[in-house]
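Record features (TrEMBL):
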- 6-21: transmembrane segment (TRANSMEM)
- 33-52: transmembrane segment (TRANSMEM)
- 103-126: transmembrane segment (TRANSMEM)
- 146-165: transmembrane segment (TRANSMEM)
- 177-201: transmembrane segment (TRANSMEM)
- 224-251: coiled coil (COILED)
- 378-396: transmembrane segment (TRANSMEM)
- 425-446: transmembrane segment (TRANSMEM)
- 466-489: transmembrane segment (TRANSMEM)
- 523-542: transmembrane segment (TRANSMEM)
- 576-688: region 'Disordered' (REGION)
- 582-617: compositional bias 'Basic and acidic residues' (COMPBIAS)
- 618-634: compositional bias 'Polar residues' (COMPBIAS)
- 635-644: compositional bias 'Basic and acidic residues' (COMPBIAS)
Amino acid sequence: MSGAALGLEIVFVFFLALFLLHRYGDFKKQHRLVIIATLLAWYLCFLIVFILPLDVSTTIYNRCKLAVNSSPAESNGSYVTVAPSKQKCFKPWSYIPNGIMPIFWRVVYWTSQFLTWILLPFMQSYARSGGFSITGKIKTALIENAIYYGTYLLIFGAFLIYVAVNPNFNLQWNQLQTIGIAAANTWGLFLLVLLLGYGLVEIPRSHWNGAKRGYLLMKTYFKAAKLMTEKADAEENLEDIMEEVRKVSASIKYNHPLRKCVDTILKKCPTEYQERMGRNMDDYEDFDERQNSYPSEKSLVKLHKQVIYSVQRHRRTQVQWQILLEQAFYLEDVAKNETSATRQFVHTFHSQEPENKIIQYFYTPTVEWYWECLLRPWFYRVLAVVLAMFSVIVVWSECTFFSTKPVLSLFAVFIQLAEKTYNYIYIEMACFLTIFFLSICVYSTVFRIRVFNYYYLASHHQTDAYSLLFSGMLFCRLTPPLCLNFLGLTHMDATISHRNTQPTAYTSIMGSMKVLSFIADGFYIYYPMLVVILCIATYFSLGTRCLNLLGFQQFMGDSEMTSDLIDEGKELIKREKRKRQRQEEGENRRREWKERYGNRDDSTRNRVVHTDQKESSFSETSTNRPLSKYTRSNGRTERDRIELLQDAEPLDFNADSINDDPLESDSGRYQPGGRYLSMSRSKIFDDV
């Protein structure tokens, strides 16, 4: 089993990162380098979280062997308190041989740092560039990152000058490397505490509110109103950009030197706009530089960038609107089925995607009713209570982990108790649950936050390349300080425990933080206490209230603006629900029409063909050609009339008003509906 656990976790974490990236990214449309870079960043960060418990158990075993093979005077304050002659060390099932973990951590850490500080920022600028060639995009990326890289070089250069001038510092390469690691971890810890303070409160509260059906439905209505505004804005922005593209395409003809750039822009436009521009464009006209003023290449690069952004935003809002509609319809179905006497879950609309037969067999309507209406609310309440207890333990440990005598950090107490009995399974499970909960609190906040329209992780393959790369940067910067914070909570970091013991392989590559005592003994110890203030601010929704005062509408139950948006969203959902009901009724009527008159149409076609054959044979032996001609035209007219009636879409006579749906048809033609309201819907074509 030596090393088998490490190999299994490496494979499992890879597929986990691939699954999450497939949920948020689009493998078919996005560039392969963007997918590979983001996958590598996510994979390395998740790998650190999953492998670190194995490093802890292996380190405890190595400490035991060191204590057994040495005398009590040579143990130098080890955790082991039993006499070496009576001590017996048991090798853990997931033991990793010596020499593997240091190399593994060194490769993983420095690769992630290269990604977050050098490669991913460059690829962000490259992905957002509107250049038409690889050289142009690289040039734009270098120019945009010159200030970014120059700032870090300036700070690092000033620090080197200070060290060289000060005679008290005699730094070597290893110490200089440790200072760079400490600077990166300090930046990451500053952001880590902010995200952790939000996640420790919001995750239990979101699960507790998940048990409230009315709360979720009201919040969905609120989201619908906001998303409709964003959707309308995205459509208007796309129309404006497409109008500019049309003007540019009409001015730059086929033999203009910049025509290739225009064709590249046209390929990024939606299909309907491409067809519309293709019909209205005359490429056979030559361009005349003396009469017309043509846009420059820089303006085309800017237009290309705007097209990419507007098309991605429009597509994202369309998909999110459909997903939000499905969620709203489902929550409304749950509210209706709660009072059902049959205890069978009934859906208003059938699922558009085919369901798995195995799921249909086990997840019957009765099982669905018991889960959605009875069991799920209680499950969410119990889960919220458990998560709240974990949050309280984390907050307490963050404020007391620096105390070694007595040990106040609960995570350190649990690990030390398991270390005395060498229960490695318990040690690894406790370490995994602790760091997994910390990771969920931090990473879920990264997935939830939204910086206007520049950074936003949208599910269902709607995240753009810039946001994917930015998330990879955040993960790579947050994971190392997260792991160091976890080792400090469990007193596995010698800098925190102040014990001369064998360090873990992960802390060994970080170097000794004693080089910068004000960071090791000051910032790393006292700054995590700020999480208490952040948790209190999150509990009372101070950030949400501040954003609401600044004009960014947030969901708040005691706000008048929130109530207005809920009412607006409710009306939008009702309108979309009526629209979908009319569509389903129209499809059902068309299906009934085809089933009722399909056979009659076939017999009519055969009868018309037989009549044509008889008339054609009769015309060969008779001189009465006008009669034969009239008979064939009459049969053709009858056949055309039947086909026209068969393909005609039944009108909708069940709408509440004519203005329920402002877009009556895709073609844009108006269909009067008030003239036949008194007719029966099922007997419209009975006389045909």
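Placed from the backbone N, Cα and C atoms, the Cβ positions cover glycine too.
Annotations in TrEMBL come from automatic prediction, not curation.
Long-range contacts of the transmembrane segment (33-52) within the same chain: residues 6, 9-10, 12-14, 16-18, 20-21, 25, 27, 104, 108-109, 111-112, 115-116, 119-120, 123, 127, 431-432, 435-436, 439, 465, 468-469, 471-473, 475-476, 478-480, 482-483, 486-487, 506, each at least 6 residues beyond the stretch ends and with a Cβ under 8 Å from a Cβ of the stretch.
Of the candidate ranges 177-201, 378-396, 425-446, 177-201 has the most C-beta pairs within less than 8 angstroms of the transmembrane segment (523-542). Same-chain neighbours of the transmembrane segment (425-446): 49-50, 52-54, 56-57, 60, 92-94, 192, 195-196, 198-200, 202-203, 387, 390-391, 394, 411, 414-415, 418-419, 457, 471, 474-475, 478, 482-483, 485-486, 489-490, counting only residues six or more beyond its ends whose CB sits under 8 Å from a CB of the stretch. For the transmembrane segment (177-201), the residues of the chain that approach it from at least six positions outside its boundaries are 113, 117, 156, 159, 171, 391, 394-395, 438, 440-442, 444-446, 474, 477-482, 484-485, 510-513, 515-516, 519-520, 523-524, 527-528, 530-531, 533-535, 537-539, 543, judged by C-beta separation under 8 angstroms.
Beyond the ends of the transmembrane segment (378-396), by six or more residues, the same chain brings 196, 200-201, 203-205, 207-208, 210-211, 408-411, 437-438, 441, 489, 531-532, 535 to within a C-beta distance below 8 angstroms of the stretch.
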